[in-house]
Ligand SMILES: Nc1ncnc2c1ncn2[C@@H]1O[C@H](COP(=O)(O)OP(=O)(O)OP(=O)(O)O)[C@@H](O)[C@H]1O
Ligand SMILES: CC(C)(CO)[C@@H](O)C(=O)[O-]
Ligand code: BAL
C-alpha cells in the first residue's frame, strides 16, 4: 500500500487522527522542528521510522522561544519544499499549525526547567528554554507520542526536555540523535543559509576546534587549557564573535574542576558570524 503524507493544521484534527492510530495500537513518534528541513531533520525521521508505526513531524516556528531582537520574522520558511522532503523521508503526518492555532489566546502557563537552563544558550537567550519547554509540552499533549526525537546539535535542549518529562511524568521516551554535518564538518542548521561565502568558510573553525579539543582532552590536557585554546583558535577568524565556549558535565551542565576518567562532558560553543548565530558541540566520555 502506498502511503501519502497527510498535512494537518489544527489541534482538533491532529487529536482525532492520533486517537484513531492509538486505538489501532500504533506506536507514535514525533519529530518537532521549525522547518526549512535539511539532512539533520531527516536523520531524526529515519530514527523515528525505525521505532514507530506513525511518524508525526511538526513544523512550527515558535514565537515564545525567540527574544525580541532575534530572528523570528526572518527565520527561513519554505513549506512546499519541506512537504516534499518530509514525504520522501517517510513522514506520515506533517503537523503545521499557525501561531493563532497554537496560541489562540494569551498564554498564562509557562514551563520552566531550572539548573540545566542556567548556562550556555539559557544564559545568552533569556527565556528561550521556557518557550521551548512550553511548546514541546503542548506538542506532547496534542500528539501523545510514545517517542520523541531530538538532535544533539541542540544538546542543552535535549537535557531540558529530558528533565521536563522525568519531572512531570510525561509518558514519552526522548531519543537523542547524533549531529549531522556537511562533508566539510559544518553542523547542519537551517540558519546556515544566512551565511555569506566568507562567513561559511570561516565557520569551519567550529567543527575543526571541536575535533582538536577532543584530541587534547583525551591526551589529558586540562579543561581550562583546552577551553583557552579553543577560544584562541576561533578568535583568529576575523568574522567570528564568540558568545560562549564552555566545558561542562553532561547532561547536568555543571562546571567541572577537572574531568576524572569516566566523566561525560560537553564542549559547547555559540559563535556569531555576522548576523548568524551558530551552535555546535562535542559530547564524550574521557
Ligand atoms: N545538524 C543536525 N543534526 C542532528 N539534528 C539536528 C541538526 N540540526 C537540527 N537538528 C535537530 O532538528 C530538530 C529541529 O531543529 P530546528 O528546526 O531548530 O533546526 P535547526 O537547523 O537546528 O535550526 P537552527 O540551527 O536554525 O536553530 C532539533 O531537535 C534539532 O536538534
Ligand atoms: C524543539 C523545537 C521544535 C521547539 O520549538 C525547536 O526548539 C527546535 O527546532 O529545536
Ligand atoms: N534549534 C533551536 C531553535 C532555536 O534556535 O530557537
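Glycine is no exception: its Cβ is also placed from the backbone N, Cα and C atoms.
Given the structure is predicted, the values throughout are model-derived calculations rather than measurements.
As given in TrEMBL:
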- 34-41, 151-154, 180, 188-191: ATP binding site (BINDING)
- 41: active site, proton donor (ACT_SITE)
- 65: beta-alanine binding site (BINDING)
- 65, 157: (R)-pantoate binding site (BINDING)
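Mapped onto this structure are the features recorded in TrEMBL.
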{"residue": "34", "record": "ATP binding site", "CB count, 10 Å": "19"}
{"residue": "37", "record": "ATP binding site", "CB count, 10 Å": "25"}
{"residue": "40", "record": "ATP binding site", "CB count, 10 Å": "21"}
{"residue": "41", "record": "active site, proton donor", "CB count, 10 Å": "26"}
{"residue": "65", "record": "beta-alanine binding site", "CB count, 10 Å": "21"}
{"residue": "152", "record": "ATP binding site", "CB count, 10 Å": "19"}
{"residue": "157", "record": "(R)-pantoate binding site", "CB count, 10 Å": "25"}
{"residue": "180", "record": "ATP binding site", "CB count, 10 Å": "18"}
{"residue": "190", "record": "ATP binding site", "CB count, 10 Å": "19"}
Of the recorded positions listed as 41, 65, 157, the one whose CA lies nearest the CA of residue 190 (ATP binding site): 41
Mapped DSSP class for residue 190 (ATP binding site), helix or strand or coil: helix
Listed recorded positions adjacent to ligand 3, that is, members of 37, 41, 65, 180, 190 whose C-beta is under 6 A away: 65
Integer Å distance between the CA atoms belonging to residue 41 (active site, proton donor) and residue 152 (ATP binding site): 11
Close-lying binding-site residues around ligand 1 among 37, 65, 180, where CB distance stays under 6 Å: 180
